[in-house]
Structure formats: C-alpha cells, structure tokens
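Visitor: Pasting a structure below so you can have a look.
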Ligand SMILES: *[C@@H]1O[C@H](CO)[C@@H](O)[C@H](O)[C@H]1NC(C)=O
Ligand SMILES: *[C@@H]1O[C@H](CO)[C@@H](O)[C@H](O)[C@H]1NC(C)=O
Ligand SMILES: *[C@@H]1O[C@H](CO)[C@@H](O)[C@H](O)[C@H]1NC(C)=O
Ligand SMILES: *[C@@H]1O[C@H](CO)[C@@H](O)[C@H](O)[C@H]1NC(C)=O
Ligand SMILES: *[C@@H]1O[C@H](CO)[C@@H](O)[C@H](O)[C@H]1NC(C)=O
Ligand SMILES: *[C@@H]1O[C@H](CO)[C@@H](O)[C@H](O)[C@H]1NC(C)=O
C-alpha cells in the first residue's frame, strides 16, 4: 500500500510540473505519460456517482445532487435515455422531468462535473435499454449495428441531442468532462466495429475534436475485444469484493497508459419480480472502494441513487424477468433520496483521499402516513372499452403486436369468439411462447386464468360456441440487455384452443393513461359480490378512492409510500401520475414511492388502481394504505414450471 501511495504522490508531482504551461482556459484531457486525467492542465481524479434524472422527479433533482456533492463526490455520471426524449418518432421532449439542460445546469451550479453517457443504447434496466420501441417498426432491424434504418434514426436523434450538449462541455465552460460512446458494446453479440466507428465520427462531428470519448466494458478480456476501438479511451466496470489489481490489469491490456477508470463500481444490485431483494454489504464496498482509490484510479459508483421506474419504464432480462418499479438498488441514497449508513461509510472512505465539503448534509425528506384509503370499483376493462379505446377495435384474422398497432406501452385487449363448443377442459395455449408478457383471460366476463411468458404457456378452459374470449395483454417492459432486445409485445404468435388456431380478432388499443389523466374514468359499477370466479381471480378492473391531506400539520404534503393489502398485481396512478406497477403477490417490492409533489392540498387526491388478478373489493372492504416506511424485500415464493437460472454479469 505504501508503495502505491508513493507512486501516486510522485505521479502528481511529475504531472504538475510537466503540465504547468497549459492553464489559461478550461481543458480536460488524458495524460498518457503520467497515467491520469488533466483538468486545466493539472492532474485530476474523479470520484463520481451515478444518478438517473429520468428516475427522479425534477422537483427533487437539486436535493439529490446536493447530497451527492456533500458526500465528497466531484462528479456524477448520467445516461441519456433516447426513448424518454423521443417516445414518438421525430417528436422530441426536453421539458419538465425531461429537461436535461436544466439538470446539467443544476449539477454545474452545485459544483459537480458530469460524465455523460448518451448511448444510443444504455442498458440501465430501462425499457429496451433506452432504445425507442418504434425502431421495431422494421421487424428485422439489427439494433446496435450499421443497419441502415437504425443508423438513420441514431443520426437524427444525435443531431438533436448532441448540439444541446455541446455548450455544456467542460472546454466550453460547462460541467461535462467525458462522453461515453455506446455502452458495454463488448457484451453484445453483433461486434460491429463499423458501428462503433460511425458513432465515434458522429460524436466528434457534433462535439468537436477536444472532448474525451470513452467506452466501458466488463473487466474481462473477452468483453474488451468487441467493446473497444482506437480513438475511444477504454474503461472497465466491476463490483466490490474482487481483486482490484487484476481487474485493472484488464483495462491496462487495452490501455497500457492513461488513467485507471472503473466506470461502474456496484454499490448495490438490481431486482426482479419474484426474486430476493439485492443487498450489497457496505463493508465490502468500503474495502474495495478504498483499494480502488489507493490505486490512484478514477471511479464511478453505480448507483449513488437509484430512484424509481415510474410508469412503464422498467426494463427486463431474458429468460423473461422484468424489473420492479423501485430502482432503489440498495444505493447509498435510497430510492426516496434518504441518507443511509452506506452513504456515510462511503463518505468516510472518500475523506481519506480528498476533502469533503464542510457543513451539514441535507437531511432525508420527512415521510408521512396518510393512512388507509377506501377504494371503490369503477368498471372492468372489458366494460369500459368504449371509453378507454379511442380508436375502437382493429380487425385481424391473426393477432397483431403492440408495434403493429402503434401502441408502445401498457395494455392491449384482444377479443375473439369461441369457434365451437369445448365441453371438456381444453388447453388454451401459446405454443410458441407468444404471450408478451402476461395475459389476463376472461370468457363471457368470467376470469378463466392467466398466461405468462416463459412461465405459464397453457391453461384449460371450457365454453360454448360464440363465447366471448377477452385477453388483456400486459407489456411488462422490454428486455434491456443481451441478444433479445428486439422485444415485441402483445400476442406475438397465434393462440390455440385445443387443435384450433384462434382467428377473427378484434383488437383494442387502450388509452388508459390519457383517460385517467383527464379524469374521464368515473362510472361506478354495481358491486356484485361473489364475482370471484372458480379460478379465484377477478376480471381486470379499475378502482378509485380519494384522500385529503390533513390540515393543521405543518409542512404537508410530504413523501409517502403506498401499499396494497390483499391486492395482487396491477398499475396505480395518483392524480393522473402513473406511479408504476405493484405486485405484492410476488414481491420483493411491496410499497411504491409517492413523491410529495404529486399530492395536492387544495383538492382531494385521487388514487386509481387497475387490478389485474384479484381485487379484495369483491369479497369485502378494500383499501390501499399510505405508510411512512418502504418495504422492498418481501419475496413471495411462487411455483413456476421451469426454474430459470438468470445470468447477467453486467449492467
Ligand atoms: C490480485 O491479483 C494480482 C494480479 O493478478 C495478484 O498479484 C495478487 O496476488 C492478487 N491478490 C489476491 C489477494 O489474490
Ligand atoms: C388440462 O386438462 C387436461 C385434461 O383434462 C389435463 O390432463 C391437464 O393436466 C390440464 N392442464 C392444465 C394446465 O390444467
Ligand atoms: C398464425 O397462423 C397462420 C396460419 O397458420 C400463419 O399464417 C401465421 O403466420 C401465424 N402467425 C404467427 C404470428 O405465428
Ligand atoms: C383465493 O385467494 C385468496 C386470497 O389470495 C385466498 O385467501 C384463498 O385461499 C384462495 N382460495 C382458493 C380456493 O384458492
Ligand atoms: C380528483 O378528482 C376530483 C373529481 O373528479 C376532482 O374534482 C379533483 O380536482 C381531483 N383531484 C386532483 C388533485 O386532481
Ligand atoms: C427487510 O428489511 C428490513 C429492514 O432492513 C429488515 O428488518 C427485515 O428483516 C427484512 N426482511 C426480510 C424478509 O429480509
């Protein structure tokens, strides 16, 4: 350790001398002679943390950034999710929670440098790894390659994004010191060097020759092979607990000289529905972080704050397992921005290597339990189609996918009639595993069962000719990593009933978010108790309740968490804001984070729930509850036909 310290010290002295001449304007570059970055001509090392502005309401950006600054970080690392800004092709959105320039300005004002990772692919456990679903309009598109249509879309997007970025480059007076090209490209099968080369030229043409461009790959020689390119500085990523020296030797293989950089040092890990909540022990992090810093290396802590996959933005892995709404990640700052023991442990490590800002760390935001809210049934999805399907049904002999129908997210209802009598239990099945991703099935309004991608491929039904079969299909988030990122949603192959291929579909695209946002969903249905079917399920339906913020208590509204006692799986909105998916029947996430700014003190707050499996309202009183502490670690054991061993080594 002593020799490492001496070497670092020597390095700083030498570089300080050798670089003394070039200091008049802002510059950021790589010093290959002295194995370091140079900022304004002086040796510089960053200790950075990842934050995803797209997972935090803009209302809280400043609070989170300030806490990162107070931890002693001198930089942050951010992704730009393409599909968040160009959700509809050629319509760019940089407003409100998508105001990237405002976020960069805040970071700059607080004194944090920025390591920018604009993709186009970002992985990040984000829907389709940040790629817009509309790219799949070309059915056989080869994503992340020189595919002409993919490249044309990338060029247009970068032509929109990068000119906005340019004024924020460090050499132009802004906070951005380095820019990553693509993301762990060495983990992707395509290995298209022309594609990486194209991106390098594209970035250079928009951002200029000066900016440091880099790549990140797993710390294994196999990953560097297809992930690195001459002209892009190669960095690696690895988590705590391993051999820091040997992992940096992998980077040295690609970059014999220049700064050591771990671009993703994992402070926690991701979750999947139905699996145990990931926890990474802080002592292991402290030990490895200390070693990394003793190596004189630059490091980015992934994540420093994870945040939330609001709405439909979560990604998924393959074999199909989607990520929950919370992206807490067991990070040093919790999903809600709260300080943790891990935060202070990391700050203590950083303190040994550089000054951390004096003064109090901004406190965790207070949380409030607003209590139980009585819920009331509105309509079933099937009975509300006139209201929630703006365009009405599309007729098709065989099923069409979400993309065919120009709906990227949420739910689509497929309706057909039984072609004949099925007196005996007959398998309704998706022989080609074509339910993407979960289907809630009713026959003549009575729940008949659930099909699930990679898990439940067949259920038995009985029915009469002409019986109305409704299949509500949920898109649970597109695969964000690996070979299968071309993830089509809906019924992507035929359904069979016994030996018959079902045909003659009426397919309803659904505008649920618009309808809820505009407060149009308000017709209450007579509750008919005992409507729980033999399958022990209830038809997918909407429920609503409202609550008021109590008066006479100072500083309300405050953040809170919502939980769903006796509910099973669905989607929830508060005042039209889509909070995300709940699935306590599987876990590990039980509570959903509710940021204070979506709550109102001047009108009743409206909670709308779309319960897909089984609502407690059908057999008694039903409530949702607002509580002051999160529960993210309660996995419910469930039986699945095939137990998949899910392997994913890098984010
Ligand atoms: C870590 O790796 C280095 C380089 O391969 C090796 O010299 C060293 O012995 C390893 N340390 C441990 C504790 O295994
Ligand atoms: C469907 O019914 C058949 C015959 O009655 C039975 O053998 C099979 O196990 C059933 N399948 C399921 C998924 O219940
Ligand atoms: C559905 O079945 C028809 C008839 O066999 C076939 O032509 C069509 O390609 C199938 N569709 C899908 C998506 O598999
Ligand atoms: C139906 O579900 C409820 C709530 O999940 C459970 O308590 C009950 O035992 C189930 N009934 C059957 C017949 O499976
Ligand atoms: C909740 O819904 C009611 C009735 O539709 C409406 O008057 C009220 O403004 C809504 N509350 C909020 C905060 O939007
Ligand atoms: C979940 O986390 C809480 C708080 O850290 C802990 O008290 C509890 O034991 C954990 N539960 C499980 C099932 O791990």
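Keep in mind that glycine also has a Cβ here, set from the backbone N, Cα and C atoms.
According to TrEMBL, the protein has these features:
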- 184: active site, proton donor (ACT_SITE)
- 264: active site, nucleophile (ACT_SITE)
- 37-352: domain 'Glycoside hydrolase 35 catalytic' (DOMAIN)
- 399-510: domain 'Beta-galactosidase 1-like first all-beta' (DOMAIN)
- 540-601: domain 'Beta-galactosidase galactose-binding' (DOMAIN)
- 1-25: signal peptide (SIGNAL)
Visitor: Count up the helix, strand and coil residues in the domain 'Beta-galactosidase 1-like first all-beta' (399-510) according to DSSP, in that order.
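Guide: The composition, in the requested order, is 0 helix, 57 strand, 55 coil.
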Visitor: What Cα-Cα separation, expressed in whole Å, is found between the residue listed as 'active site, proton donor' and the residue listed as 'active site, nucleophile'?
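Guide: Distance between the two Cα atoms comes out at 11 Å.
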Visitor: Return the count of C-beta atoms lying within 10 angstroms of the C-beta of residue 264 (active site, nucleophile), excluding that atom itself.
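Guide: The Cβ of residue 264 (active site, nucleophile) has 24 Cβ neighbours within 10 Å.
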Visitor: Near the Cβ of the residue listed as 'active site, proton donor', how many other Cβ atoms are there if near means within 10 Å?
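Guide: So the Cβ neighbour count for the residue listed as 'active site, proton donor' comes to 26.
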